[in-house]
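Annotated features in TrEMBL:
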BINDING   Asn27, Glu395  Mg(2+) binding site
BINDING   Lys34, His217, Leu218, Gly219, Asn220, Gly221, Asp292, Leu293, Arg294, Gly340, Ile341, Gly342, Glu343, Asn344  ATP binding site
BINDING   Arg101  substrate binding site
ACT_SITE  Asp158  active site, proton donor/acceptor
SITE      His190  site 'Transition state stabilizer'
SITE      Arg250  site 'Transition state stabilizer'
Amino acid sequence: MSAGVSTTFDDKHSEASTLTNPTLVLNCGSSSIKYALISEDEGTRITGLAENLGLDTARIKHTTLNGEKLEIAIAGGRHELALQKILELLEQYHFIAVGHRVVHGGREYSEAVRVDAHVLAEVKRLKVLAPLHNPANALGIEAVQAIYPDIPQVVVFDTAFHQTMPPVAFRYPLPKALYSEHKIRRYGFHGTSHAYVSERASHITSATGPHGWLTAHLGNGCSATAVYDGKSLDTSMGLTPLEGLMMGTRSGDVDPSLHIHLKRQLGMSLEEIDKMLNSESGLLGISGLSNDLRTIEQAANEGHEDAKLAIEMFCYRVGKYLASLSCALPDFTGIVFTGGIGENSVTTRTRILEVMRHFGIKVDADKNAGLVGGNEGSFHADDSSIELWVVPTDEECRIAQETRAALGLK
Ligand code: ADP
């Protein structure tokens, strides 16, 4: 244990009691691990992030209960070592369960499940559908198992919430055997976020239910979902998280013939095309500057033409998608914005709604301007056809809730 860590352990002993029966939430990615320790009443949490895994610059950024920030270097950058350090940092709080965000649950899982040998094998097997993510998720489960074999673990699948989609929404118009024999279908992602914000919106609105929401999760990854009466009816992401909206570095929808065209005309390999569509496109590809909307907004304000186009395209594509997803809803209560962009960019929200100009949506500009930096609230004018909400997402909280529920804890 590093010296930096041990000094803060002494300071925090008195705080341990305030985190009652906490659940540890782990989100193990290919180069990062996000974690949160959340008390039973969800009022208290410790959070952190291990980043740059696999590189010499790997480190854990940990925020203690009293807000103190620590940085711990991970020699060699190994995933297992980072997880060990994270568990060391948190063991004094006696977590009672661990909930893992797992990207792909295929069509087998429509809810969170307790980990056993079969479930772990399934998470690994489903790497055919999520080659970058599921193996890292499985590693996290095994690391916890090795150190705390008696602590129950639960997997919460990013795809599970969308398992309520009807075939008309989840099938691709492709030969049937691709679906029945090879599971080629639309799965959808960001499920915990869409579930969390739609449930929250239904809780805080005064509209009588059942409610029909379009939830727009706009972060680095972006997706939109039609949620009616708590169920996902359609969503923008598909077999993989590449389908749908334009994102930070992902293209979203392109002509399916693009691959063959680029292969024939430019001699690009499938791997090169895949990398280009996932890592070099979207806001980054169009602006030529960054995948970070703040950087692009600043450049656009200074007259950068490609930055202006990137923002216009982003908003146009989100608005167009929301309009089409509204067809899935029997009743349209409102739109819920979330994610780093949805929660913070007042102008992006305004522009997206301008794209939907035939819907009779009216924005209260003052309320919209006040919804930044983690504020929750509505911003529709009194005479708007539908409601407009900003609900900061809390995927960790949702994963902790689902973990406790799967284990029969309160
Ligand atoms: P992730 O999908 O990685 O969790 P986030 O939800 O944190 O990402 O969203 C990241 C995006 O949010 C970035 O494009 C960032 O520029 C944007 N963002 C964050 N804060 C603001 C802000 N104040 N104004 C505009 N965009 C913002």
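Glycine residues also receive a Cβ, built from the backbone N, Cα and C atoms like all the rest.
Keep in mind that this is a model prediction, so the values were computed, not measured.
Features as recorded by TrEMBL, highlighted on the structure.
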| residue | record | contacts (Cβ under 8 Å, 6+ apart) |
| --- | --- | --- |
| Asn27 | Mg(2+) binding site | Ile33, Lys34, Tyr35, His100, Arg101, Glu395, Glu396, Ile399 |
| Asp158 | active site, proton donor/acceptor | Arg101, Val102, Val103, His104, Gly105, Phe189, His190, Gly191, Thr192 |
| Asn220 | ATP binding site | Met247, Gly248, Thr249, Asn291, Gly340 |
| Asp292 | ATP binding site | Gly248, Leu283 |
| Arg294 | ATP binding site | none |
| Ile341 | ATP binding site | Leu218, Gly219, Cys222, Leu293, Thr348 |
| Glu343 | ATP binding site | Phe337, Leu371, Val372, Gly373, Gly374, Val390, Pro392, Thr393 |
In three-state DSSP terms, Lys34 (ATP binding site) is classed as strand
Within the set Asn27, Lys34, Arg101, Ile341, Glu343, Glu395, which binding-site residues show a CB-to-ligand 1 distance under 6 A? Ile341
Cβ contacts of Arg250 (site 'Transition state stabilizer') (under 8 Å, same chain, 6 or more positions away): Gly221, Pro241, Leu242, Leu277, Asn278, Ser279, Ser281, Gly282
If you count CB neighbours within 10 Å, which one among the recorded positions Lys34, Arg101, His190 has the smallest count? Lys34
Helix, strand or coil at Arg250 (site 'Transition state stabilizer'), per DSSP? coil
Report the member of Leu218, Glu395 (the binding-site residues) whose C-beta atom has the most other C-beta atoms within 10 angstroms. Leu218
